[in-house]
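In TrEMBL this protein carries:
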DOMAIN    1-80  domain 'Reverse transcriptase'
REGION    337-367  region 'Disordered'
Amino acid sequence: MGLKNSPSTFQRVMDNVLRGLQNHICLVYLDDIIVFSTSLQEHMVNLDKVFSRLRESNFKIQMDKSEFLKHETAYLGHIITRDGIKPNPDKISAVQKYPIPKNPKEIKQFLGLLGYYRKFIPDFARITKPLTQCLKKGKKVTIDNNYVNAFEKCKSLLTNDPILQYPDFTKEFNLTTDASNFAIGAVLSQGPIGSDKPVCYASRTLNESEVNYSTIEKELLVIVWATKYFRPYLFGRKFKILTDHKPLQWMMNLKEPNSRLTRWRLRLSEYDFTVIYKKGKTNTNADALSRIEIHNEDVMMLMNEIDELNSLIGNPSEGILIFVLATRRYISRCRKETSKAAQSPTSNSEDHGNPEIPATFSLNILK
């Protein structure tokens, strides 16, 4: 087995030997074979079928490395149980003992080790952001509090013994999605909403152009990405999409969508789904802001409190204005001259739009 292509050749041999049995009563990866059944009687029959195939091909089983009649077993870095799949504790210990990475190479090694289990970790991309951003070209590794906290958080992610249930293709799937300023994530689950159990987690960071998307574009982006990611589970089946962004309930009926939203709607048209609004976690500060009725004086007050509001958003940046109208919060990047015009005493004139609406909102809706 010293040749470079020997693993793939051996895998092809095993596939041929167990052809017709794979994915029905057994799985095979190189010399690791796992046989599964729903009862003891069925299991004995399945074992006999696998042994017969191996005997016919002159393969022998190494008994001291074999296990039989187990309710759970270690397989390819996972523990396979009757209830679902969970990470192998022996492999997790390697993550927990990993020293803090001090250069890009060590960061890649750590993330590669941890990334093998990312399907067990919700918000993986968001949590590892302080580490992944150090991999950018020309970026130096700065070991500050954020970096250390993110590293320690990563090491503790798998200590809660997470478990993923097996998908049941006779039941409906739930796809829960969410987007932030720099990452998107999704959870595929099954069961009644509120008590559903995860089948798999998925997440990724936003690229430079996606970071500039509007809120509804980010929320729709994660749906487009997640349906593609989980396509083998979702295509050809009815499923529910759970989101905390209420406007997505009417995304397929928008009268004047932009070109990007139109393309995404076409991609989603091949799926059979229902969008369900699900309230996000309680956020007293955000909820209070979303219910303030804004007039020009209120806009001036918000401008004076911009630092406090930026801390709530978590992405402070010079030139960002925040406006609240009725029950919505609007965030927009503006040029400084636009910002000054919005604060001027004449900014409520009809030249700037509807006099019933704060001119600040009118200016930014045009931008």
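Sequential numbering from 1, following the chain as shown.
Just so it is clear, glycine is given a Cβ too, placed from its N, Cα and C backbone atoms.
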Per DSSP, the domain 'Reverse transcriptase' (1-80) contains 32 helix, 15 strand, 33 coil
On average, residues of the domain 'Reverse transcriptase' (1-80) score a pLDDT of 90
